[in-house]
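Noted in TrEMBL for the protein shown:
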REPEAT    A:1-41  repeat 'WD'
REPEAT    A:136-177  repeat 'WD'
REPEAT    A:233-263  repeat 'WD'
């Protein structure tokens, strides 16, 4: 029981009743969070890269990889209509012929999704009509991660082009850029401070040939408004694949290619620190 | 028309002769070089006794004038032109029988002597053929009044096509001057000698020795079977030394024609418009005395020029694909040279406009003369046997090619080494040292130096002295020689024994020469290194020696001083030693630091300060040393650094990780000379940083001394300036942050307003539950403590089987 391939994405709905997972075994599954019971199995033609519940928890979306001759698609199911699940017929399927989706989240109020592409492009797709509402290209390489702020009004992207950028969720207007010397795999916004944490490092395939020193597997903290770095946390000996703040903003955690998940609590100085301005 | 041309040919030869005959009268001999004889003045000087013959101008006249009379009897020096009209017509008849051919030729000769051309030649031949024909056969001769209405072109088009051209013969004729003048008794002997020399280049089909009063005139005409042979003879026999008095001058006969047509009047060359390039040294007038540097990045796609500034580099110019490989500054900083498949381009002035181009296909390496006047370029593509183009020397001001050279396969760049003033340049080949002079680009004193076994040489940067060394040869010891130029006087020779290798290191002013000698002394094992220090500024050039038993990693002179630094030992036990050459010649060890992580020494261009760097494999360790009191000012690291570059003033140092040697973290860092890190400049695929050199100072020694004396006064002013700019910088930073914060707040306010507007929709979507704040539903929270019981069971793996 369960997935038979790598699980690429997980999402829970707002009241944590259901969990959605997408996997390289060419399926997306819906689970009951409390009991762990599989509620739905949606078969796909290729690996499921991203998945998510909308704001109200009624609609799910997932995107598939461009793989084995199949296109990249974003599929939308309305959970309130069980026939869609039973027949594995999404109410909408958006094809992405140009560049596959590497990361995607729901926009505010569940009206659209925001997708990051392999090319570095960002698209806002309507969840009703499927049309592209906004298209921007601020990154030059693949977008590895998109994370929304707590109030969902803005989001931060992490890209292979060594930067993370801040955008407005509604207009997709570019706000800020945070530069590093290594590919950024994940970036998260603090829920209560104007801070952003970036995780990344030398790509996993190159790591064996270089020392951890050159890999720069550090979590790096930037000020959101000034774009200036003010802190680093060392510890991982492989690239960081994922970072997240605790909802209370008093700690953060990071998961690395080295197989460790590290949970760090901030020192009192972190809360006192202020830029001279 | 064709016929008319044929007729015209011999006449043209005569016509040409006429002005030639007039020429000697028109101008005094010797005022202008003899036509067709490059460097003929020399030849004329050597032949004073012949002066009354009216040198030069007569020579070309001779064959043409003689040609007429010679055509019938003696074979002329240029027989083809007079024969031409007849021969094509004669050819077909010759095929049938010898006799008609002969007759036809006779007829042709007749026609020729009449000054007749092809029109007459045709019928004459017809007649010949007819005469020869069988008497029984009907006569095919034309009636007397027959008018030929078929053109020869139609009739004999295919044959006419192969008709010899006038040029065929003339191009194969050469004129040899400075041939001994002999009487008939020795003529045969002379002919033999000439034949021996000149038949090397091809078959001689004709020769002509003009005579006067029973003696030959001292110049001769030779005709080869083909023009290529004639060219070969000119190339190789010109300047041939027959004996002391006679050096041949060999020229193509056609060249005489060419030079003959040169106008007597000297045309004033058209004035070239002056191209104002602006002030090429504008950057030296910068108020802050900042320096410039070039940066290549994006793996060579982009090149930028910056002002170096303590705060941030200030971009002056940035261009995509400015160069195809790398760039070079000229030694005084005037030009920036860029490399292209088709050649080199020089840029300069305030806007970095193109100043000069040198077309050299496939150019790979360049070198400027120290004075910037000449540029040496190397390309492996273009060389051919007769046209040396592997190395080309150019004039940077005019863009003209000065000379081409061949390149030996084993040579090291720079192949040509320049003297400090750019007056001479030299190159080494097997057993030979060739020194050339500017601006003629010719060999100094017209010959190279034979130095058997020469291994290496080097110019003094402080005078026209060359140092070279030759290794041991059986019983002859190895030798280091210092030679003054252009006198070629040996000012110092030092013999050395058991030598394995030598390296020549000049101090930048030419005050000292250090010859690093690796030796294997008898009775010891392993290599010992001697530093032989030549004091160039003293009488007899005294030499002192420092011996070291450890392997030597690097050696470097203090540029403006009398100290030198040596890195020695083996990893991980590397030491650096600083020596001082005292005025009495004693060489004193000032200080030794052990356990160094270094493989290269970088002295400040002003001396005193030095950076010891462990580049590449040594991870980029850096030590900043002040050698006045030998203190280590700072130890630092630029991980994986591949290059260290001092600015030309010795105020800053740049360390960099080049994409050419390492693929990640490509950046250049700016340090003060004391080792304080000022900037980290990350550039995508950064390749190369080069400081723009400065020309030598125009201040006199006294003025420099005065400035040193007043340094305290100046430092106060500068310190104040620095403080001002620093506080300004921090103010600017705070100001910038403030505006950034304000903008950000504005944006957040807007976003939050929208967020608040949507509150009802959110509540609706989540069934009336407010999730906006983390603790908005704190009443619903329930705290639960859950305990897990973990049972541990140990199962030995072996028992499972």
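Backbone N, Cα and C define each Cβ position, glycine as well.
Nobody curates TrEMBL annotations by hand; they come from automatic prediction.
Residues 55, 102-105, 107-108, 114, 116-122, 124, 183-189, 191, 196, 198-200, 222, 224-225, 227, 242, 244, 247 of the same chain, all 6+ positions outside the repeat 'WD' (A:136-177), place their C-beta atoms under 8 angstroms from a C-beta of that stretch. In the repeat 'WD' (A:136-177), helix, strand and coil residues by DSSP number 0 helix, 24 strand, 18 coil. Remark: secondary structure over the repeat 'WD' (A:1-41) totals 0 helix, 22 strand, 19 coil, with classes taken from DSSP. Broken down by DSSP into helix, strand and coil, the repeat 'WD' (A:233-263) contains 0 helix, 16 strand, 15 coil. On the 0 to 100 pLDDT scale, the model's mean across the repeat 'WD' (A:1-41) is 92.
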